[in-house]
Structures are given as structure tokens and as C-alpha cells.
Amino acid sequence: MENVTYVSPNLILLGIVEIEKFRYLYCLPCLVVYMFIMFLSTVIVVVVWTEESLHEPMYILICSLVLNGIYGSSTFFPKLIIDLFSSSKTISRVGCLAQSFCVLTFAFFEICIFTAMAYDRYLAVYFPLQYIILMTNGKALKFILGSFIFSFVSVLIAILLSARLPLCRFHIKNIFCDNVSYFILSCVDSSINNLYGAIVFLFFLSFTLTISKHACEKAIHTLVTHLLNFSIFLIGVLFIFIRYRLGNIDLPLGLQILLSATCLVVPPLLNPLIYGIRMKVLQQKVKHFLKKIIKNALQCGRALTLR
């Protein structure tokens, strides 16, 4: 009997169906968290960009990490908030592939920047005299550019491999799309997708973990919060990667949603706090910037009332 391929314009997000009864309860917290991420992250980016004293490798890497957090959270929260508010449970195939691309590029780039930051702190702690030679602004920018190109190209290939597949199932067990959730819906063999994804991810992860491990072993006392944040992020990424490759995982759908969403919620939320607000120099600059904005806003308000 021949396989029958059904053509459907939309996919159903079962995660939205799972939380539909409490959609208004989740909608407001999601909106508040997203607005907080966008506001604080934007402030940090503007401060680093405008303050010449912060034009150093460490702050450049922090800025790129925060920008990536804006990108990652923007691929997740707006769609989720709209779905919760409108009770929509579907996403188009093109939209699903686009969101999968954004989720993966965010994850890959995040790991790269975490690795670069660990190595930067290692050089600063153990080679303070040679640090300005070993880690320059140019080298930091080259690493960021290389990370972006690698993430973009490797993820694009994975998405193109998935886009060619015909689908005969249309239910995604999540509140957002990722590449693995998409290609397992295919009617045909997707071994190439699995093989390519496994090779790229394991090579990428082994490389970054080797560098991070070496750096963190030498400067563990300065990287505790870094390791904690990276570990939380990695749990979510690994869960997305292995949840279908190891067969059906016997976990409640709600817990699966929570674990897979971790990498898209926790890092963008914690990064501005850990690397921005907790660092004294940047903290002072951010406070000064916010005070200046508030002062100007109050002056404008008074001027308008006097008129």
C-alpha cells in the first residue's frame, strides 16, 4: 500500500492546547517577562554602545550576549502571547520552519558567546599583563562574526533538509517549533536530518565544552554564576535535541514544555541581571543612564504642564 501524504497549510501546537484553560493566567506573566527583557537588555546595549569606557572585549561580548537574548526571546514570546490571547493553536509550515531557524541560531550563538566569555575571564585572571594583547576588541568582534556565520550556515542547512520533507502528521508537542519537532512529522525517512543534526551538534558542543572546561577549571571562583546560567541553558538545549531522538520520553507534556522552553526564557532573563546589573562598572553606567532618562522625562512633563 502506498504512503499517503496529506497537505495541510498549518500545524497544531499541542502545547497551546495543553495550557488553553489557563491561557489568560499565562498571558500577563509572559508579557511582563518579555517587556522586562526588552527594556533592560536595550538599556545595557545602549549604555555599552554610547560609553567609550566600556568599549572593551568583555563588554562587547556581554553586549552581543544581551542582543542575542533580545533575538531569542523575540522568536518565542510574541508568537506565544498572541496565541494565548487569541486562543490560536496553529502555525504555518513556513512559520514553523522560520521559528525553528531562529531558535537554533539563537541556541548555537548563545553557546559560542558563553564559551568566549569563559575564555575571556580565564585570560583576564591568569594573564593580566598580556590580556590587552591576547584579547583585543578586534579579536572579540572576529569571534562574534565567526560564531554568527557558523550558526547561520549550519542551521540553514538543517532547515533546508527539513523543508524538503513531505509531512503526514501535523501535531507538534510543544508551544513553539523546533527543527526536530518538525521533521519527525515527515512521512519519509529522515535519517539524513538526524545524522546531520547529531554530527553538527556533538562537534559544536564538544568543541565549546572543551574550551569552557579548560577556562573554568582555571578561574572557577570568578565563573560560578556563568556556569550556573550556562548549565540551565544547556539543560533546555539538550532536552530539545534528544527528546525525539531517544524515542518517546515518558514525561507529562507540561513538563516537556517547561524543559524545552527553559533555553528560550531563562538566559534572556538572567543575562542582563548576571552580566549587566551585577558588574559594578556597568551597573553604575546603567544607573546613571536611567537617572538621566527619568530626569529628562520629568523635565519634559513639567514643561508640558506649564504650557
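Every residue, even glycine, has its Cβ placed from backbone N, Cα and C.
Keep in mind that what you see is a predicted model, and the values were worked out from it rather than measured.
Features of the protein shown, as given by TrEMBL:
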type: TRANSMEM; residues: 23-49; note: transmembrane segment
type: DOMAIN; residues: 40-275; note: domain 'G-protein coupled receptors family 1 profile'
type: TRANSMEM; residues: 58-77; note: transmembrane segment
type: TRANSMEM; residues: 97-119; note: transmembrane segment
type: TRANSMEM; residues: 140-161; note: transmembrane segment
type: TRANSMEM; residues: 195-211; note: transmembrane segment
type: TRANSMEM; residues: 223-242; note: transmembrane segment
type: TRANSMEM; residues: 254-277; note: transmembrane segment
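Within the chain, the transmembrane segment (97-119) has long-range Cβ neighbours (under 8 A, six or more residues past its boundaries) at 58, 61-62, 64-65, 68, 71-72, 75-76, 79, 91, 140, 143-144, 147-148, 150-152, 154-156, 158-159, 162-163, 176-179, 181-182, 204-205, 208, 211-212, 215-216, 219, 223, 226, 229-230, 233-234, 237, 240, 263-264, 267, 275. In the predicted model, residues of the domain 'G-protein coupled receptors family 1 profile' (40-275) average a pLDDT of 84.
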